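Engineer: One structure follows; several queries about it will come next.
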């Protein structure tokens with residue numbers, strides 16, 4: 001599981017950078033930057049742990065999250081103009097990050113004997129709701145409610161993990177395959193600009 | 001109590017539709033619609049359970065809430081143009097819903113031996129704060145902070161329930177009377193466009 | 001500790017007034033005013049208690065907070081035009097308030113054997129996040145993310161408290177000195193309009 005822990009920390013780092021960049025675009029000060037990096041990086045897991053009553057919550061139980069976030073903020077302050085061009089590298093970290101966040105959140109839910117559907121939701125919450133809290137605090141409509149296939153990738157990957165677990169696939173193999181599914185859906189949807197449908201008029205009206 | 005459970009589910013359905021309609025007006029995608037329907041329908045009870053440390057929280061402890069919300073979202077997608085004209089029907093469901101949410105939340109607080117004033121607040125939180133979370137996520141100033149007699153109906157109904165309980169009124173009778181009080185206050189205030197006072201200048205200044 | 005309790009209540013009163021004034025500027029109705037006063041005054045401690053799983057949470061465990069907030073709202077309604085000129089008095093209460101909120105929150109964290117860095121964060125959360133919740137609910141970008149040295153004063157004061165505790169300074173003396181540090185940093189930064197740095201371009205770019 002050491003590899004997964006490293007990826008978890010790298011994902012946290014990428015999320016924190018993304019939060020710090022949003023904060024700097026909004027002209028937040030150092031404190032605002034730290035808070036936005038913080039909620040982006042660990043807000044999803046924190047919300048999950050509060051919902052399922054798992055204490056100590058993520059960043060209180062493992063201080064490495066705090067240190068990772070502070071490091072990310074320092075890097076953003078020092079190297080901002082060098083970071084911006086690294087967009088593709090960060091997309092990679094971010095995407096691998098959400099796959100690991102999803103599956104770790106799902107496993108945590110299962111380990112607490114939550115129903116399968118709740119465990120899948122908890123995987124998605126872990127990966128996605130840090131960004132939602134970031135957007136609420138910076139007064140944006142949460143991005144993932146409007147534009148991107150993001151949460152759906154997490155939900156699909158979680159579902160596949162559960163199905164493969166049910167039919168007895170080896171846990172490590174299962175983890176890797178499910179992570180690849182999430183990463184693939186996310187990457188393909190960004191490349192081809194895929195979006196979820198919206199409600200405009202109802203289906204019957206449109207067909208008339 | 002079966003009747004109350006049915007009303008609870010119908011209220012959840014009405015709240016979820018209202019959340020889905022707000023999301024569709026904001027051009028949220030399917031995921032955004034589900035999340036907004038979800039927080040509108042069960043956000044109040046979820047906040048209550050977190051505040052009073054009652055686990056598993058509402059929608060984790062009873063999966064019927066999730067199924068009800070998903071059904072409501074599907075209905076909104078399929079029949080949006082048919083739903084809009086049903087405004088009065090939904091107002092009815094919604095209003096009966098908040099009366100039941102209030103009294104169930106209040107009873108939950110009492111069953112945990114919380115002080116009366118906290119139990120009344122918990123009833124109001126159950127009925128009202130799903131809408132507040134909906135408004136925050138869709139970047140609106142929470143409606144109930146500005147325009148409507150809504151929370152006040154819940155607080156009044158909760159107070160009356162407690163008073164009647166104190167003087168020994170039968171619990172079922174009490175529940176029905178208190179629910180009717182909430183429904184009546186809410187309906188009358190909408191028909192006559194009643195509003196709570198605002199602070200503009202202070203009373204003494206105005207009288208001078 | 002009686003003196004500290006009195007200051008805690010006075011701080012709660014000052015925070016509630018500040019929330020009520022923001023709400024009245026936004027033309028919230030009575031209910032909105034009460035909610036905004038409420039979250040401003042006890043939202044930080046409430047968030048802290050949820051994060052560290054300390055139940056009953058602050059305002060449920062001690063009803064005096066609710067009574068203090070309701071009194072503050074009534075005063076705001078009755079005497080608004082008399083309160084506005086008292087700005088300096090309220091700044092005093094508010095500043096003494098955050099110093100006490102910080103140190104009480106920190107002590108609570110320590111009493112639950114949380115790591116030092118988490119306890120310091122909890123002190124800051126207690127003092128600062130009521131205002132953040134207030135700003136989110138009234139659809140403002142949280143003030144403390146942009147303009148003021150506020151949270152930094154709390155973090156510094158918390159750090160000094162911990163250091164002095166480590167070297168064995170008497171607890172009451174420690175409390176008073178740390179509170180004075182917070183009050184001084186806050187006051188000086190307001191008088192001289194000090195601000196934290198922002199990320200604009202990175203340091204190396206700027207130096208070239």
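The backbone N, Cα and C atoms fix where each Cβ goes, and this holds for glycine too.
I grabbed these lines from TrEMBL:
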{"type": "DOMAIN", "residues": "C:6-80", "note": "domain 'Glycine transporter'"}
{"type": "DOMAIN", "residues": "C:92-165", "note": "domain 'Glycine transporter'"}
{"type": "TRANSMEM", "residues": "C:6-23", "note": "transmembrane segment"}
{"type": "TRANSMEM", "residues": "C:30-47", "note": "transmembrane segment"}
{"type": "TRANSMEM", "residues": "C:59-79", "note": "transmembrane segment"}
{"type": "TRANSMEM", "residues": "C:91-110", "note": "transmembrane segment"}
{"type": "TRANSMEM", "residues": "C:116-137", "note": "transmembrane segment"}
{"type": "TRANSMEM", "residues": "C:149-167", "note": "transmembrane segment"}
{"type": "TRANSMEM", "residues": "C:173-192", "note": "transmembrane segment"}
Engineer: Work out, from DSSP, the number of helix, strand and coil residues along the domain 'Glycine transporter' (C:6-80).
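Structural biologist: Per-class counts: 63 helix, 1 strand, 11 coil.
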Engineer: Write out how many residues of the domain 'Glycine transporter' (C:92-165) are helix, how many strand and how many coil, based on DSSP.
Structural biologist: 60 helix, 0 strand, 14 coil
Engineer: So if I exclude everything within five residues of the ends of the transmembrane segment (C:59-79), which remaining residues of that chain have a CB under 8 angstroms from its CBs? That is, six or more out.
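Structural biologist: Residues 9, 12-13, 16-17, 20-21, 24, 30, 33-34, 37-38, 41-42, 45-46 contact the transmembrane segment (C:59-79) from elsewhere in the chain.
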Engineer: So what's near the transmembrane segment (C:116-137) in sequence-distant terms, Cβ-Cβ under 8 Å and 6+ beyond its ends?
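Structural biologist: For the transmembrane segment (C:116-137), the list is 15, 19, 22, 35-36, 39-45, 47-48, 51-52, 97-99, 101-106, 108-110, 143-144, 150-151, 154-155, 157-159, 162.
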Engineer: What else in the chain is close to the transmembrane segment (C:173-192), if you only count residues 6 or more beyond its ends and a Cβ gap under 8 Å?
Structural biologist: 4, 91, 95-96, 98-100, 102-103, 148-150, 152-154, 156-158, 160-161, 164-165
Engineer: Which value does the mean pLDDT take for the domain 'Glycine transporter' (C:92-165) in this predicted structure?
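Structural biologist: PLDDT averaged over the stretch: 90.
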